[in-house]
Amino acid sequence: MPKINYYKVLKLTRNTTIQKIKQAYRKLALLYHPNKNVKKSEKERQQAEQKFIEIREAYDFLLNNHKDIKQKTQRQKTKKKINEKMMSDEFKKMFSRVRKRVENNISSKSSDEEEKNVTTEKKKKSPKKLTKYQKFVQEEHPKLKAEYNNEDIFKMIGGRWRSSPDNPKNV
């Protein structure tokens, strides 16, 4: 069975609209409709009837095809929107986790425990001699930590550092 070019049957181009398909169908259907060809010979009536059937098939196929394409593109757009929403939800979750960690001072462990864990891990990994800078940092770190923990200068609010109400100039 040979393939029928439905666009050719309706005398249309491939990139046509639904409105043009309907117009072409109506125009050709009026020419070849069996009721319009009553006064013609038997052979001409059969040819017109066959042509009318082809026109009707072409119209049905092209109209359904356009609707299918439209539905397919609509489904693709919907899927894209859903995927974008899911991705934005994932990013929101990720950033909320980060925000929680910042609000909880990065972890639930106290900073002293973390410091002990870090120093013991460093000692286990590398028994190298400490440089002058590292020694200085180890000596000064507890002093600075005590100094800034005792003074309540900064407070963590909503992920931003703000001065305390007592010290608006942040001095």
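Cβ atoms are placed via backbone N, Cα and C, with glycine included.
Taken from TrEMBL, the feature domain 'J' applies to 5-92.
Summarising the annotation, TrEMBL assigns coiled coil to 38-65. In the predicted structure, the coiled coil (38-65) carries a mean pLDDT of 89.
Annotation source TrEMBL lists region 'Disordered' at 71-90 (among others).
As annotated by TrEMBL, compositional bias 'Basic and acidic residues' applies to 81-90. According to DSSP, the compositional bias 'Basic and acidic residues' (81-90) comprises 10 helix, 0 strand, 0 coil.
Annotated region 'Disordered' per TrEMBL: 101-136 (among others), in sequence order.
As annotated by TrEMBL, compositional bias 'Basic residues' applies to 122-132.
Residues of the same chain lying 6 or more positions beyond the ends of the compositional bias 'Basic and acidic residues' (81-90) include none with a Cβ under 8 Å from any Cβ of it.
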